[in-house]
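In what follows, a structure is listed as structure tokens, so that the remarks can point back to it.
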Amino acid sequence: MKSATILHPLLCIGAAFLSSAQAIKLNKREDGEPRVVGLQLQRQHISDPVAYDKARSRLRRRQEGTVDVTIDNLATLYYFNASLGTPPQDIRVHLDTGSSDLWVNSPNSRLCSMQSNPCGVSGTYVANSSSTYEYLDSDFNISYVDGSGASGDYVTDTIHITGVELEQFQFGVGYTSSSSQGILGIGYPSNEVQVARNNKAPYDNLPAKLAADGHIASNAYSMWLNGINATSGSLLFGGVNRAQYQGELVSLPIERVGDEFNEFYITMTKLSLGSTTIQEDMALAVLVDSGSTLTYLPDDIVAEIYNMTNAVYEETEGVAFVPCALGEQTANMTFTFSEPASIAVSLNELVIDFADLTGRQLSFSNGVPACLFGVAPAGDSTNVLGDTFLRSAYVVYDLDNNEISLAQTVFNPGEADILEIGTGPDAVPEANLVSAPVAASSGLPKDSGAGTVAPWVSGTMVAGSLAALVGALVLIF
Ligand SMILES: *[C@@H]1O[C@H](CO)[C@@H](O)[C@H](O)[C@H]1NC(C)=O
Ligand SMILES: *[C@@H]1O[C@H](CO)[C@@H](O)[C@H](O)[C@H]1NC(C)=O
Ligand SMILES: *[C@@H]1O[C@H](CO)[C@@H](O)[C@H](O)[C@H]1NC(C)=O
Ligand SMILES: *[C@@H]1O[C@H](CO)[C@@H](O)[C@H](O)[C@H]1NC(C)=O
Ligand SMILES: *[C@@H]1O[C@H](CO)[C@@H](O)[C@H](O)[C@H]1NC(C)=O
Ligand SMILES: *[C@@H]1O[C@H](CO)[C@@H](O)[C@H](O)[C@H]1NC(C)=O
């Protein structure tokens, strides 16, 4: 077995500060090095985050209504470099916590063989150029709500990510594709295409395979996105980096959808802005989704936030604009979950300069520069903690224990201080499970039959235009 990347050469020094009770929780290996795999995430430029989120939200509603697996066909925000096969073929892997398969394009699909080479940026995979390629079946078929998608083979081959090589790793190859960008889903294996569509057993996707092959102790990883102006973040499989958060990690149970754990819903109980409580005593399920640019909350809550911030709601876009100077205020928007879990998001993390994203400077009619506000109304769609929230949070996804641990992020961390996530209950080091978790009473997707795959309704839609599809969605849900 190849050893994993060790990000913190001075772990012993860090561990020396722990009390003995905490040290026991580390489940260190005998050689004392934490088993972790760390990746630097690059942030991708998205020219129109509003349109991007809207499309993603439509996809999400589609997914909830059918318990079928769809993933977005749009640019996901964060990616890293990897390679597949022998000799290695380079790909850019776009990360998605909302889906569970890796799939890559074949250069021979009609889309990828176009002269403009749309798949060139993310890279493609030629199975027969790899001596370690093995064909599994032709069940791979991911569909998008707009009728696009990718289908082809499930295969196994070697995948190389920073410092680690995994052999016989299963993924999909899109021989037919209408998305120029492959995706790496790191969600629950129960959400894989072959499970939802073909009723097959789940296979080990990337985090599960890292655990199965012993590179990490259990299926868990930490995500740190860094501040609004940062161009990169990091993903740490199998560990937590104490330099990247402050205060305590607090663990919250993930909410089941129907009878299953398959998406990252947690329960929010209170929201305040500055010293004003906007709403409390809530038991609202919210989806933790790094693939969403903005944060989406119930309309009544958002109306109050807009009132307090003098945000101007743009109904056609479903978002609000604020004077960019709002970002100079020091107030926090504080999101509370089951006590004591809470994350403070500074107003300057909620004010998005459109000019940075699009090159177009927006302004109000009086000439005051306008910025996009990071919170928008969810309407009758999912409540989402997107990047405008997540950049202020250090998030540990513990899929083995069905828990998410949160702590306040540190934007300019010092030297990495890495602890291994162990196995069994309480696997996340130094994290405490909330003593009285609040169960969600609203906000979860409607259960459309636990464990059963609802009829595949898109067959009637695939030929339609996007506008027609949106109309169809309204009828369906
Ligand atoms: C990823 O690969 C591209 C192209 O080879 C390179 O320009 C880029 O610096 C790499 N990024 C990282 C984070 O290694
Ligand atoms: C790989 O090559 C074999 C033998 O020529 C051929 O049968 C198979 O279709 C090829 N597979 C792919 C995915 O191109
Ligand atoms: C993939 O699934 C879609 C939607 O169910 C279907 O229309 C399409 O024919 C399937 N493609 C393949 C190759 O099976
Ligand atoms: C991000 O950068 C802009 C200038 O491009 C600056 O006005 C703003 O204060 C920065 N935000 C933070 C949170 O540092
Ligand atoms: C904000 O709320 C106050 C008090 O509830 C109300 O009087 C005022 O009209 C609201 N302002 C806006 C812009 O909605
Ligand atoms: C906002 O939250 C941060 C992180 O908890 C804290 O350090 C800061 O003092 C808070 N700011 C205000 C104005 O309360």
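Start at 1 and count along the chain as shown; that gives each residue its number.
Cβ atoms are placed via backbone N, Cα and C, with glycine included.
Here's what TrEMBL has on this protein:
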- 1-23: signal peptide (SIGNAL)
- 78-407: domain 'Peptidase A1' (DOMAIN)
- ASP96: active site (ACT_SITE)
- ASP289: active site (ACT_SITE)
- CYS324-CYS371: disulfide bond (DISULFID)
- 453-476: transmembrane segment (TRANSMEM)
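Feature map: annotations from TrEMBL on the structure.
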residue: ASP96; record: active site; Cβ within 10 Å: 22
residue: ASP289; record: active site; Cβ within 10 Å: 26
residue: CYS324; record: disulfide bond; Cβ within 10 Å: 20
residue: CYS371; record: disulfide bond; Cβ within 10 Å: 24
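Cα spacing between ASP96 (active site) and ASP289 (active site): 8 Å, rounded to the nearest whole number. The average pLDDT computed over the domain 'Peptidase A1' (78-407) stands at 91. With a cut-off of under 6 Å between the Cβ and any atom of ligand 4, the recorded positions ASP96, ASP289, CYS324, CYS371 reduce to an empty set. For the pair CYS324 (disulfide bond) and ASP289 (active site), the C-alpha distance works out to 25 angstrom.
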